[in-house]
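Peer 1: Annotation comment: TrEMBL describes C:7-414 as domain 'TRAP C4-dicarboxylate transport system permease DctM subunit'. Residues or ranges marked as transmembrane segment in TrEMBL: C:26-42, C:54-77, C:97-121, C:133-156, C:168-193, C:213-233, C:239-258, C:270-292, C:312-342, C:354-378, C:398-419.
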Amino acid sequence: MRSSMTERLVGALAMASGACRALAALLLALLAVLVVGGVAARNLADLGLPWVDELARFCGIALVYLTVPMLALRGQHVAVDMLPKALPPVPRLWLEKAAELAMLAFCALFLYALHLFLGRAGKFETPALGMSNWLFYAPPLIGFVLLTLAALTRLFGCASAGAEDGEIR
Amino acid sequence: ATKLVYGHNNEPASVAGAQADWFAEAVKRHSGGDLTVEVFPSSQLGKLKELAEAVSVGTIAFSHNTAGGIGSLYEPFAALDTPYLYRDVDHLMKVMDVNSPVMTELNKGLIAAANVRVIYAHYFGRRNLTANKAVRKPDDLKGMKIRAVPFPIYTTAVEGMGAAPVPVDWSEVPTALATGLVAGQENPVNVILNVKLYEVQSHLMLTGHMSNAEVVVMNEAKWQGLSAAQKDAITAASAEIRERATKAIQDNESKDTEELKKRGMTVIGPEDGLDLAAFRASVDKLVQQRFGAKYGALYEKIKAVA
Amino acid sequence: MSLLLVLLFAGMLVIGVPVAVSLGLSAAVTIMAFGLPVNVLAQRAVNALDSVQLLAVPLFILAAGLLSAMGVTGHMFDLVRMLVGRVRGGVAQVTVLVNLIFSGISGAALADIGALGKIQIDQMVGQGYRKDFAAGLTIAAATIGPIFPPSIPIIIYASVTNVSAVQLLIAGIVPALLITVFLMIQIGFIAAFRSLPRDDARPAAAAILRQAVFTFPALVTPVLLIAGLLSGWFGPTEVAAVTVAYALLIGFGVYRTLTWRAVWDSLLETVDATANILFIVASAAVFAWVLTLDRVPALAGSFLLGLSDNPLVLLFLVNVLLLLVGMVLESIAAILIIAPIVAPALHAAGVDPLQLGIVFVLNLMIGLLTPPVGMSLYMVSIIARMPVHTVVRGCAPFLVSLLISLAVVSAVPAVTTWLPQSLGK
Ligand code: NA
Ligand code: NA
């Protein structure tokens, strides 16, 4: 009973991370369209569009933070795994757990920092679009919440053991 | 003894950068060494918008920015960068005095909105247009792409002058001018000289379409945490450096214009047929249309400062 | 403060904590331990990515991904082999030349190895080359990729040192050609002494022509890209986006091998690779913030300038430093940590920023093939199913060409500065 509950939660996390990654891919497509559109507007219509520039930068930031959880879930973040790979299975497992613990600690501190920052600076707006910082920082917020959950599931060994050799991309 | 961090985006060799070091030295002197200001120039601690927010949340104690940049913390500040707003440098300095009626009111709003206080502001220069051809009236700029700071008030200035404003990242400006991505740009003469824009632009038009102050701001909580004597030291240092920096910029302005001439730029002023009245009328019209409703009352108060 | 920071970072890196987390967590812990403002962690990490220049990273990755997805790399290889395959050591020479062509599309050494490595190694081994030679040459030739524009490490270097990305990208052109020439000369020597294999059949002129016409639209991509940068019609990010548009155009309109499914897969692969790189960039920004607040860049700068004020000597010192750093540190992290420390001092001593940038990046790309931490070594060992030490042995001889190129770029500023300086004049 309990294990099926866990499975369902892990499944939901994988789905949420996958959805974020898909959203990131769409933002990348939008980014390409925006930049090409900016070129066209400038060269064909003599128009400079500061909001296009700003929206493109927002897409760039968002796509990074929205993809990070999926990479963690699959263990694809670039790491130097020489030492762990050289060790026998048991100490190696401990090092892997330590790495997940480090990820968890980083997530916790980052979210705390984001909470402090947005508490003060959440209402400020971006210059061209007047986008509030809450929106601007929403992708990192979502990304790090999912990243925390990803680290937790991997720490307790619930993640599907795929792509262990996928570190090099 | 208290240590405070001052982060900014300018090179230490420029006046805007050097004045931060002067300020640090003056604070130390006026506080008898009780208060130390550590300066981190050249965007080492972050870029402009980020620095303004860093002062607001207390990551750093001091930074400086254009009024337009402070506008991202408290919107009405952006009005202080309106083109053709000040009668002369003296008028600008009176408006930007922390004790002027305009500034007192704006500062109150800034503290409430962002936990940030203006401690002083100095004259930073008059923005002039450069291009690879002579420009004398708004019509001459028709269809020309001019690099503009991506703030509404700055793009409005360029658009009002008759050109198409195009955002270009600052580090790419010399290349963009060399290759013709944009046909011109606008900046104070010291910037034009320091970044060697005379290598890629042949004409300097003394349009003076915008007079800017560099606004030095401090985190309000850090200010309130200081002793009365420490506050006095900062106030004294502020008064001193505000005058010194303004004078240094003004002295340099004519020197730098001469230097640009020597380096081969054709300088076009009113005596060479530059139709300042036409530029002013054209820009004013667009400013009224876009910002009249929002800033009209503030513009009246600024005009009233004598 | 910095001591704690660096020790924590090194400790975590060694036990296999992801690079981004090692950087970010060591900075976060130091910030907490010394009572520095915590919110900088979130603020810096997000703002470091708020840059138009960095947008070129995903766009260039996407463009290269699309071109690979439409299957043009194999055709490029065939064409060059028809032209050069008959000289002794022909396929080895082809490997270098195809890397040069592909370097005009792709911006990262690992991407080059990913797109070309398997074909190259299979073709060489199939013709009787030693396996370690094939693996070593594949890795060495892939260093051309991130030196010739486009280049992800160069864009990242430009963004942290406030150097013009366009100029720095163009500055890489001549050095990349230099590496190509040195590698080809070295292969020529090896071919003469060890009598490497060659192709026997002479391809018909008509076949060559057919292959050339077929490959032409793809071969034009790098030309378009360089012309775009040189002409100034576009900024670097815009060139990247226009290349994406061009790739879609030829993929759907000319080759008709591109499908929407493949485009979607390229988008997904691109966000994966981008997030991996830029997450490191974000964390490194926080790490560098702590170093800066502790005055490390200023101290290191005055230390360097105290050793010498001769630009050549300083460049030599930086080379030694970077070759050591390149052995143990991942290349992007190395740029982000070391460049802000070293660049201001060397600029002050009169080293040209463009020359320094290329020396810096070339050095760290050589680091990709030096053990113990060399991402290219790992990658080839996986795709060629070869133990890492065999790959290292295969690489070692080609270090000669790479180090000679590095020495020339370091000693002669004009190699890097001439082309960008003649821009727009
Ligand atoms: Na390349
Ligand atoms: Na290495």
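Numbers run from 1 along the shown chain.
Including glycine, each Cβ sits where the backbone N, Cα and C put it.
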Peer 1: Which whole-number mean pLDDT does the model give the domain 'TRAP C4-dicarboxylate transport system permease DctM subunit' (C:7-414)?
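Peer 2: Mean pLDDT for the domain 'TRAP C4-dicarboxylate transport system permease DctM subunit' (C:7-414): 93.
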Peer 1: Given a Cβ distance threshold of under 8 angstroms, which distant residues of the chain, six or more beyond its ends, lie next to the transmembrane segment (C:133-156)?
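Peer 2: Contacts with the transmembrane segment (C:133-156): 53-54, 56-57, 60-61, 63, 92, 95-96, 99-100, 102-113, 116-117, 120-121, 124-125, 165, 168-170, 172-173, 175-177, 179-180, 183, 187, 225-226, 229, 236, 239-240, 243, 277, 281, 331-332, 335-336, 357-358, 361-362, 364-366, 368-369, 376-377, 380-381, 384, 386, 390-391, 393-399, 401-402.
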Peer 1: Which stretch from C:26-42, C:168-193, C:239-258 shares the most C-beta pairs under 8 Å with the transmembrane segment (C:398-419)?
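Peer 2: Out of the listed stretches, C:168-193 contacts the transmembrane segment (C:398-419) most.
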Peer 1: Examine the transmembrane segment (C:213-233) against the transmembrane segment (C:54-77) and state whether at least 3 Cβ pairs sit under 8 A, considering only residue pairs 6 or more apart.
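Peer 2: Result for the transmembrane segment (C:213-233) with the transmembrane segment (C:54-77) is yes.
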Peer 1: Any contact between the transmembrane segment (C:239-258) and the transmembrane segment (C:54-77)? By contact I mean 3+ C-beta pairs closer than 8 Å, pairs at least 6 apart along the chain.
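Peer 2: In this chain the transmembrane segment (C:239-258) contacts the transmembrane segment (C:54-77) - 3 or more Cβ pairs sit under 8 Å.
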Peer 1: Which sequence-distant residues neighbour the transmembrane segment (C:354-378)? Criterion: at least 6 residues beyond either end, Cβ under 8 Å.
Peer 2: 109-110, 113, 139-140, 142-143, 146-147, 151, 153-154, 157-158, 161, 163, 167-168, 171-172, 175, 315, 318-319, 322-323, 325-331, 334-335, 338-339, 342-343, 346-347, 388, 391-392, 395, 399, 402-403, 405-406, 409-410, 413, 415-417, 420
